[in-house]
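As recorded in TrEMBL:
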type     : residues : note
ACT_SITE : A:Glu82  : active site, proton acceptor
ACT_SITE : A:Asp93  : active site, proton acceptor
COMPBIAS : A:1-25   : compositional bias 'Low complexity'
REGION   : A:1-33   : region 'Disordered'
Amino acid sequence: MTTPGAPSATTPAMTPAMTAAPTAPLSAGTTPSTGRLQARFAALRAAGRAGLVTYLMAGDPDRETGQAVLDGLPAAGADIIELGMPFSDPMADGPTIQAAGQRALKAGQTLKDTLAMLARFRETDTETPVVLMGYYNPIYSYGADRFAADAAAAGADGCIIVDLPPEEAPELTGPLAEHGLHLIMLTAPTTDEARLPAVLAHAGGFLYYASITGITGTRAADEAQVAAAVTRLRAHTSLPIAVGFGIRTPAQAAAIARNADAAVVGSALVDRIATGDDPLGFVAALAEGVRGARL
Amino acid sequence: MTSALNTYRAGADERGHFGLFGGRYVAETLMPLILEVEQAYRAARADPAFQAELDGYLTHYVGRPSPLYHARRLTEHLGGAKIYFKREDLNHTGAHKVNSCMGQILLAQRMGKRRIIAETGAGQHGVATATVCALFGLQCVIYMGQTDIERQAPNVFRMKLLGAEVKPVTSGSATLKDAMNDALRDWVTNVEDTYYLIGTVAGPHPFPTMVRDFQSVIGEETRTQCLAQEGRLPDSIVACIGGGSNAMGIFHPFLDEPGVRLIGTEAAGDGVDTDRHAASMTGGRPGVLHGNRTYLLQTEDGQITEAHSISAGLDYPGVGPEHAWLKDSGRVQYVPVTDRAALDAFQMTTRLEGIIPALESAHAVAHAMELAPTLPADHLMVINMSGRGDKDVNTVAEALGADMGETLV
């Protein structure tokens, strides 16, 4: 924990709102670290642009295809990668990501395979942050300590666990912290000011704002709503803010990138992977949108 | 449970945990709603007007108290323990489900929610939910797996007659667990106006505790009735377990009575040594699903597997977290009962007592049939007759290979 008043290497003055947050809890998320996520967000800030976060489901539609897409993402323009860990009962996901998980499981994908996929990615890319995203049961089944150790060894930078709200997060934050992994917390439009500090108390890496109340891959919030939400969040945290849910086009990604530190695209890319419709070309178009957003 | 050294009845703790089990494993979007439900429920519990209103509906609409009936011919046939049925099958809508629906629908209205969603497996909870929504003029959406819709057609039509919209669920295995997933997806999308009326003692806190409290009327009545009819408490109580709400309801008031043996029967389908069963405590291990940690049927890799039972109401790969805790603490004994044994019990109860039990309840009778002959005549055994079996006659006919038009021999 950083103490109030202590200099923080990861809190450069990005916006006035961020420095004017005396009541913000100084959490694990503001602990100085030299991880890939911090380095990437620092580089994005230096370049004066937002990042593109792309999601794909590990093992979808099969191991080799999934690996090829993953390996090609950085060159196509993804700044950060979310690697989905398939689960049989993804209760916060829409039809696209449900189907992707089912395809991966049907092809035999296990958690071990997902970590192996990441390790193989790291053989050629040591700089692009990769965040493992999924549900808690496969991790609990694997063992939280063993998972944290193996994920770190495979080259992960953090985790997003959809069904682990701050109330239940402590059972995973310990093991993750021990192995230098961030727990990236989700906030939603329903997360009010009173509740936000509890979410931020566990948050590391960046903050993921789910811009709509709903499941993944359905509708998108409009630019003004997102701008207001990001401003509100910045008053409470110095963590970078990524915004996701319902972003399907380069134009939508650009609109998000004007306000947030990163735009997350998931279902739209998963659709392209499912149909084999040039997923990396789609990522390149999204990247172009994000990179041009603040010009 | 640290705060409950001398009682089994104090749980859950303030964070919704029963020891290792329970909790609130849901997406952040839902957390504020769940906290709102908890707060509203706490306020309602403390409000005598709420309880009075609920009691009124339970008496005059549901038909409570349900009788505690001495099953004389079954007792004689088995030649051992004296057997009573707690007649939840006589409630309006034909099962115990309505007890919790009535409580929750009053709570939803206190919270100002006008749209009610629910999941259903056999359709009993869906029918009970659609019923209370009709009673209060509320919009009702029921999620039901496509597989279950096909095998429970009469209940689907009943729900539609009651004005509910039945949404077929085709994701995953298209059964109860997938219906629950889709109900949660609906709730996360319609947070403002919607109340999720969960049918069993599962889901995120406060649902396991709240549903148990509303179902505890079964056990409280049993206590009063047994004292009045026999002058003492029962020696054993047997109830079936799917999610476990009827069992939790009849067990809870007796948890601190060491003289009362409590037995839950899990659905063993083709047998717990096969891969076609729903006995999550006998054949599963702890995991996290649908908002709580509990015993689950799952693969080595933590993927939830499909349950199987002839009884759609027990066809769920998990169990309420308080049951998981009661199992580990040893206070309640959980035993598996196969489809075959339940079918035999279904027929015997029908023939000997003129009561067609739900296939779910027949799982409790089946174990009692095994146990009662080994016990003395002064042993008082209560079986929770959680529901009526009219809904199951097609399933039973198919299982027995009988033509519904022919006479059974």
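The backbone N, Cα and C atoms fix where each Cβ goes, and this holds for glycine too.
Curation plays no part in TrEMBL annotations; they are all automatic predictions.
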I'd like the number of other C-beta atoms within 10 A of the C-beta of A:Glu82 (active site, proton acceptor), please.
26
What is the total of other Cβ atoms whose distance to the Cβ of A:Asp93 (active site, proton acceptor) is within 10 Å?
28
Report, in whole Å, the straight Cα-to-Cα distance of A:Asp93 (active site, proton acceptor) from A:Glu82 (active site, proton acceptor).
15
